[in-house]
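Undergrad: Copying in the features that TrEMBL gives for the protein in this structure:
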{"type": "BINDING", "residues": "Thr114, Asp140, Asn170, Ala171", "note": "S-adenosyl-L-methionine binding site"}
Amino acid sequence: MSRLFLAPVRSLKLSPVLSLGRKAFSSASVRLQTVEPKETKETKETKTTHFGFRDVAENEKESLVHNVFANVAGSYDIMNDAMSMGIHRIWKDEFIRNMAPGPGTKLLDVAGGTGDIALRFLDFCKNIHRDSTASVTMVDINPHMLEEGKKRFQKTQYAHTNQANFLVQNAENLEAIPDASVDVYTIAFGIRNCTHVDRVVKEAYRVLKPGGRFMCLEFSKVDNPVIGKFYDIYSFDIIPTLGQVIANDRDSYQYLVESIRQFYSQDEFAKIIRDAGFSTVGKGYENLTFGVAAIHSGFKM
């Protein structure tokens with residue numbers, strides 16, 4: 001039962017290459033006339049993916065998502081509180097408790113955005129273990145979001161330490177992160193915005209050390225039909241309106257709620273994690289608030 005927290009072929013178009021014509025039979029011979037083929041152009045089918053409820057070319061999605069988060073970066077944290085009525089904070093706290101990092105843990109926080117997970121991770125290590133050797137590398141494809149994270153860290157006790165650094169990187173190709181170099185990989189409320197989710201998970205497997213852990217916090221599928229109806233009304237009627245009022249941007253938040261509905265179910269995503277090579281415990285995920293969100297986890301064995 002869910003846990004409730006009280007308190008977000010290429011295709012070839014071939015013209016006829018060979019046609020057969022016939023000329024009249026003569027008593028002397030039968031002749032076969034060959035018609036030369038017309039020149040044809042090879043066409044490639046354009047691969048598509050979803051951007052919210054729209055179908056777009058795969059090579060367009062990254063820039064479209066970039067524009068969304070460039071628009072919302074400055075109001076992202078305020079909107080998270082407004083949209084989830086603060087419950088996202090409880091989810092993230094549970095995410096870190098579930099991780100239970102030890103002293104000296106090296107975390108890679110992908111789609112790290114404004115630093116919610118990174119800060120909670122460092123605070124946990126400091127408060128629970130009195131540890132200042134744990135470190136986090138925050139990665140985001142969007143420099144606007146990463147800049148918000150940098151600003152936030154400058155106001156913390158970690159500002160002038162070597163415990164946090166920031167990289168602009170694509171989650172599908174973490175070229176600056178060596179193989180088998182991190183203990184824990186996290187991605188919170190970011191993977192559904194990626195074009196190729198399976199590539200993201202495979203890249204996580206590559207950068208993790210043997211025994212390392214992949215963790216993902218993401219919106220998911222509500223498992224209670226009654227609650228699901230209210231959740232739909234809230235998502236599609238209230239959240240875009242909040243986006244308009246608070247961030248002056250209805251369209252970006254319309255996309256965000258649509259992207260949630262387009263993401264995999266809990267079991268489908270757990271299969272993607274296992275297919276990438278990870279081992280999971282039990283079903284591989286824990287539902288939060290009736291499945292509004294879920295924590296997914298896998299180990300590189």
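The backbone N, Cα and C atoms fix where each Cβ goes, and this holds for glycine too.
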Undergrad: Using a Cβ-Cβ cut-off under 8 angstroms and a sequence gap of six or more, which residues of the chain neighbour Asp140 (S-adenosyl-L-methionine binding site)?
TA: Val110, Ala111, Gly112, Gly113, Leu146, Gly149, Phe166, Val168, Gln169
Undergrad: Given the binding-site residues Thr114, Asn170, which one has the fewest other C-beta atoms within 10 angstroms of its C-beta?
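TA: Per-residue Cβ counts within 10 Å for the binding-site residues Thr114, Asn170 bottom out at Asn170.
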Undergrad: If you skip the near sequence neighbours and keep only those at least six away, which residues in the chain come within under 8 angstroms of Ala171 (S-adenosyl-L-methionine binding site), Cβ to Cβ?
TA: Val110, Ala111, Val139, Ile141, Ile187, Gly190, Ile191, Cys194, Val200, Glu203
